[in-house]
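Engineer: Provided herewith is a single structure, encoded as structure tokens, for subsequent inquiry.
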Amino acid sequence: MTTIAVVPVQRLSTAKSRLAARLAPDERRTLVLSLLDHVLTALNAARQVDAVILVSPDPEVLEHAARRGAIALLQPGVGLNEGLRLGRDEALRRGADTLLIVLADLPWITADEIDALVAALPERGIALAPDRHDHGTNAAALRPPDAIEPAFGAGSFARHQAQARSRGLPLRELRVQGLAFDIDTPADLEELAGHAPVGASSDESGT
């Protein structure tokens, strides 16, 4: 099995705009790159991941990721799901039979949690890691890589579940702290500042 991870990152000039009331543009840029570094470090340490593709329309992000061992893929347009489809196609071209999608704003993600998500995959199907509110999807493992279409954004967890059901695909759901906690709002920043990173939980459920 060949598992390739795809990490999408938008332009630094527009990233984390919901934090604009709390952070200046330079501070948001620093935060985005710091979170990305942590995610790439975890992916590089994961035993189940063979390669990492970083998709972005921002040349600075691509250069930053390439220095950390990622395959840098320029996204001609904009849009999270457009970038993920581009990354998926590149992963297929490189021989992937399993696609791992991981968002770039997970400050507590660990290599063990990444491995657990891939290990949760059935022979053919999907494994989802929702955010802590069960609204969004922070990571997804797909076998084959085009098992479902990426539908990330607000409410994506329900959309991905619905796709799996409509296609008759087995679905597993993994809820662990490092995959569930993302940085979107000032409240998230406050929680991050008030808590030290913790190790992976073993909680797992499947449907």
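Just so it is clear, glycine is given a Cβ too, placed from its N, Cα and C backbone atoms.
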Engineer: Have a look through Thr137, Thr185 and flag the one Swiss-Prot assigns to the phosphoenolpyruvate site that Gly153, Ser156 belong to.
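Structural biologist: According to Swiss-Prot, the candidate sharing the phosphoenolpyruvate site with Gly153, Ser156 is Thr137.
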Engineer: Could you name the residues, excluding Thr137, Gly153, Ser156, of the same chain that surround the phosphoenolpyruvate site, i.e. Cβ within 8 Å of the Cβ centre of those residues, in sequence order?
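Structural biologist: Along the chain, the qualifying residues are Gly136, Ala151, Phe152, Ala154, Gly155, Phe157, Arg159, His160.
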Engineer: Tell me, if you would, which residue among Thr137, Ser156 (binding-site residues) has the fewest other CB atoms within 10 Å in the structure shown?
Structural biologist: Ser156
Engineer: Under DSSP, is Gly153 (phosphoenolpyruvate binding site) part of a helix or a strand, or is it coil?
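Structural biologist: SS state of Gly153 (phosphoenolpyruvate binding site) = coil.
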